[in-house]
Each structure stands twice: as structure tokens, then as C-alpha cells.
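Here is the structure we will look at.
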Amino acid sequence: MRSLAFSLLSLATAARAATVTYNFTATWVWAAPDGVGRPLVGINGQWPCPTIEANVGDTVVVHLSNELGNQTTGLHWHGINQVSTEDMDGPSGVTQCPVPPGSFIKYEFVVDVAGTYWYHSHNMGQYPDGLRGPFIVHDPDDPNKSKYDEEVILTVSDWYRNQSLDLVRQMLVPANTRFQPPIPDTILVNEGQGANINFVKGKKYRIRLINFAALAGAFLHFDSHTMKVIMNDAALIKEQEAYQLRVAPAQRYDFIIEAIDRDSGNYPFLVSLDVNRDFQNPALGALRFPYNFTGYLVMDNTQPLDKVDVVDVWNPVDDAHFQAYDGAAPYADYNKLIKLDFQFCFDANGYPRACFNNVTYIGQAVPTLYTAATTGDDNSNPLIYGQVNPFIVEDGDVVQIVVNNLDEAAHPFHLHGHHFQVLDRPGPTAGSWPERDVNYASEPPRRDTVVVNGQSYAVLRFKADNPGVFLFHCHIEWHVEMGLTVTIIEAPSKLKGLVFPDDHLDNCRIQKIPYQGNAAGNTQNYTDTTGFVTVPPTIYNG
Ligand SMILES: *[C@@H]1O[C@H](CO)[C@@H](O)[C@H](O)[C@H]1NC(C)=O
Ligand SMILES: *[C@@H]1O[C@H](CO)[C@@H](O)[C@H](O)[C@H]1NC(C)=O
Ligand SMILES: *[C@@H]1O[C@H](CO)[C@@H](O)[C@H](O)[C@H]1NC(C)=O
Ligand SMILES: *[C@@H]1O[C@H](CO)[C@@H](O)[C@H](O)[C@H]1NC(C)=O
Ligand SMILES: *[C@@H]1O[C@H](CO)[C@@H](O)[C@H](O)[C@H]1NC(C)=O
Ligand SMILES: *[C@@H]1O[C@H](CO)[C@@H](O)[C@H](O)[C@H]1NC(C)=O
Ligand SMILES: *[C@@H]1O[C@H](CO)[C@@H](O)[C@H](O)[C@H]1NC(C)=O
Ligand SMILES: [Cu+2]
């Protein structure tokens, strides 16, 4: 009976699966999301960028043309694990060459898990210039469907009036000895500064909350309404009530709120940008919430929108204590430990950088996936990839990543290609991992981005069942540009000889970027490191 039910189910799913195609042309557009005009990267002449929507099981095709004229581009599908389509993940220098002006690239992949995602440029610090949008994968058989009537997307972000390239160039100078990132100019909600939600008394709403920020986390609170959280980062959790949420850059929460039916008042909600180094650590001084936004749940638009939502102390729910909906235990018997000590550092020219284990990520000539595919058995030798902080994991390994955050600030770390389990994530100043596997969550939440508190650590696990080359990095965009990235070379034995689409390789050919051999494009002697980039360029060009 059981197997019959399963095969009927998969037949039904297969019958529904469709191909959803989007044609995107990236151009500069002029817009004023906070009232101050500036050039932004938009799509098809519009900004905000469109929402991608599909049903689970569908194939999504995006034709991306670069008409920016003066910058390369590319897109990453944040949270989509790219099972069997590792070459569609999108980061430049990792799974593809950047798309030069006048060229295009086709992305094609199956959306295998329903939930709330987003897409963004993963090229030269470009998404804070606007190239980002929501990506929703619907599930017609959503187990929570009876719990809500309507869906609403709510995006939050910090916002800069200067262009990213200028901000990064100003940050990466020897005088920046305190590793200061650019500080935002304001806050955006739904890419603007008006985001009221029309509510009907008694109805239930599923809110899909996404943080698009380059730097700041955001707090959220609704007056008189509690949030019932059902998903984190597109992974189902056991329903969890929350009065306040903190959503870090790149994270998502799906939650349900019910419009109260005792009256038809308009209820405010507060979004507060968090530029604290670590809001939980009082030793770091006064809490800083420089930009607030008040929106309304509008039940009666003849009534005034004048109430304010006052929050005295931000004390958000602890997402490390969420529980996976299926109650799955931690993967047992990990056989690969990747221990990463993060601290800021300086390069040989005295430029501020960010380091894992005292090594900063430096992009190489050949995209790392292309090296893995074209170097035969040598592809399991980390030496051939250059200073991209390569870690080899074999097919089927159970991998434990430990991040020791030696910095005082909290940082959100993101893994491509997997939803990891969060086994432990203590509060600030807990110090480094005690090197013992104790006190772990018994039903750990799975997600793709986790906040690691200041002077503290996190323990994450995943199973290496998705061959590819996947980044693990801080999702503060400015820290990516400082080199806070490692590269996981997953199942190299299955990457040997992979063939890539011509339109992807054409983008390398046009720019004379090598796409075979070791990090420097040596196709004769893979262990010859001549030509590897060992010091970051002093002039930042993305
Ligand atoms: C996308 O563009 C191609 C050719 O440029 C065209 O054939 C196709 O109909 C377009 N698809 C959509 C969904 O606009
Ligand atoms: C690229 O073009 C945009 C739009 O014209 C302009 O605002 C920006 O300064 C240019 N960037 C560079 C690096 O030339
Ligand atoms: C940001 O823009 C302002 C106004 O145009 C300019 O004065 C300032 O130098 C810019 N900052 C950077 C880092 O380019
Ligand atoms: C923003 O809201 C928070 C919480 O209510 C408050 O502590 C902070 O002072 C506010 N910031 C500003 C600039 O009003
Ligand atoms: C949503 O569905 C999951 C999986 O069936 C379940 O564990 C969770 O409790 C549901 N949440 C709500 C609010 O019903
Ligand atoms: C990193 O460098 C610091 C200071 O130079 C040193 O104390 C530490 O042992 C180094 N860590 C590793 C993992 O090499
Ligand atoms: C490959 O390069 C390495 C490093 O330069 C060198 O030691 C080795 O002899 C070379 N192998 C061959 C076959 O030339
Ligand atoms: Cu960071």
C-alpha cells in the first residue's frame, strides 16, 4: 500500500511539473527608493526586480542578458541547492565566468523544495546596487495550507546612496585598520518606504520575510499580533510562536498572522535596522537602531494610520532552538571536521581583509568548478585550486563545520548547495568550540544561513550527497569582498570530466579567461602553482 501511495504521488507531481521561463535583461535604471535618486541595477528596465514564482518540481529557466555596459554580472539562487545542476549556482569565479557586457547566460534548474528564496548577483558586490528579488517556490500540497488564506512577501534591507564599487574601494584601503564596513544611509521595506498590508478581519496571512541587506540584520514586531513561524530559510519547522524576530542578511522566515476580529483598527508593525556589532552583548555599548520603519496592517482604510508600535527591548526568539518539522536527529558519525577560526587580518600590502584560519579568499583565474572538472584525479588535491580556501569532502561524507567567531560582532554564515543542521549556536562571548560534541540539539533546525554570535561559535552538519563546488561565506556582502569565504569541493570523484554549456564557457572565451586546468589555467602540470594569485589586488575591480 505504502509504495503504491508513493508512486501515485510522484506521478501526480510529475504530471504537474512545468517549465517556467523568465527573460531578464540587466540594465542601469534610475530610481529613488528612499526619495533620493541614484542609478540602480534593474531588470527589463524596471526596479524593484521582479519576483520569480514556480511550483515545486518545476524547471526554472532564466535567460540573463547583460546590458549594463560597464559591469559584468551573474545571478545566484539563494537557498536552491542545485542538486545535479552544480554549474547553475551562479557565483562568479566559482561555478561560472562573470557575464560581460553585451553577453548572456542561461540558467536552468529544478526547484525541488518549496519555500521562500531570493536571487541576487554574486558578482563584484553588486546586489546592494539593487540586483536582487524574491524567489517563491509554491507547494500545491503545502502541509500548512489550511493554516492561512493569503500570502504576502515582506522584504527588508539596508540601503546605500553610493554605488557598491565606490563603497568597496573606499573600504579596502590600508587606512581602514579597524575593518569598518560601509554604514547604510537608510532602511527599505519592500524596496521602498511604504509597505502597508491590506488585512481582512479574521483572515490568516502567511508572511514571507526576506532580508536583502548588505550589512544589517532587522528586527520585526507586530502590534497585538503574534507570529507563528512555520519555516526558516525554506525549511519547515515545528510551529513556533514569536513576538519578535531578528532576520539576518540573506535569511528568510515564513510565519502566519491572523487578523484579529474584535475590531477594524489599523495595527502598526515596526521594522528596526540592527547595526549593532552584537545586540545581545551589552558590553559592546549602547544599542544602535538608527533606522526604523513603521508599516500598517490596514483593516479599514477610512481609519487613520497614526498608531506607533513601541518596543522597549529587542529580545527576539532564539532560532537555534527551532526544531526541524520531521524531528530528524543530527547526522551521526561525522567523518570530516572543517574547523574555521574567523578573524579580521591584513594582507601583504597592509590592506584590511577577513580570514578563516589566517587565510583570506583570493579569486583565481579559472572558476573552481571548471578546475575540478578538468584536472582528473588531481582534483582531490587542494593545492591545485589556489588560495580559494579549498576543503575537499568525499562523496557521502558527513561533514561537521565549526565556526569560531573571534570577532566581537555577530556574522551570518551561508552555505551553498545544502541546508545544514544547526547543532549548537550559543550566545555571545561563549568562546571557541570546546572540541567536544556535547549538548547538541536533538531535532536541529536545518537552514542555509546561520548567525554566529560575537566571540562565540556554531556547530553545523551536512551530508555530502550533492557533488559540486559550493561556497561557505559570511553573507555580509562587504565581508565577502574582504575574503571571508571558503570553498567546499564536494565529491571530486564525481566532478571529473563534467561538461558545461557552451553559453557558460563563451563568457570565459570572450574575456580570455581560461576554463581548464589548475587555478592558473595550467593544463600540463596541475601542481605547478606558477601564476596563482597569492596577494589580493590593490585596486578593486570586482
Ligand atoms: C524570451 O526570449 C526569447 C527569444 O529572445 C523568446 O523566444 C521567448 O518567447 C521569450 N520568453 C518569454 C517568457 O518572454
Ligand atoms: C556604470 O554606469 C552607471 C550608469 O550610467 C554609472 O552610474 C556608474 O558610475 C558606472 N560605473 C563605472 C564604474 O563606470
Ligand atoms: C558617496 O556619494 C557622495 C555624494 O555624491 C560623495 O560625496 C561621496 O564621496 C561618495 N562616497 C564614496 C565612498 O564614493
Ligand atoms: C528605533 O526603534 C528602537 C526600538 O523601539 C528604538 O530603541 C530606537 O531608538 C529607534 N531609533 C530611532 C532612530 O528612533
Ligand atoms: C506545517 O507543516 C509541518 C509539516 O507537516 C508541521 O510540522 C508544522 O507543524 C505545520 N505548521 C503549522 C502551523 O501547521
Ligand atoms: C593565526 O595567526 C595568529 C596571530 O598571528 C596566531 O596566533 C594563530 O595561531 C594563527 N592561527 C592559525 C590557525 O594558524
Ligand atoms: C610540476 O610542477 C611542480 C612544481 O613546480 C614540479 O615540482 C614538478 O616536477 C612538475 N612536474 C612535471 C611532470 O613537470
Ligand atoms: Cu561578516
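For all residues, glycine too, the Cβ spot is worked out from N, Cα and C.
Since this is a predicted model, take the numbers as computed values, not measurements.
Annotated signal peptide per TrEMBL: 1-17, in sequence order.
The domain 'Plastocyanin-like' annotation in TrEMBL covers 27-141 (among others). On the 0 to 100 pLDDT scale, the domain 'Plastocyanin-like' (27-141) averages 98 in this prediction.
Under the heading domain 'Plastocyanin-like', TrEMBL lists 150-282 (among others). Each residue in the domain 'Plastocyanin-like' (150-282) gets a DSSP state, and the totals come to 9 helix, 64 strand, 60 coil.
The domain 'Plastocyanin-like' feature in TrEMBL is assigned to 364-493 (among others).
With DSSP classes pooled into helix, strand and coil, the tally for the domain 'Plastocyanin-like' (364-493) is 23 helix, 49 strand, 58 coil.
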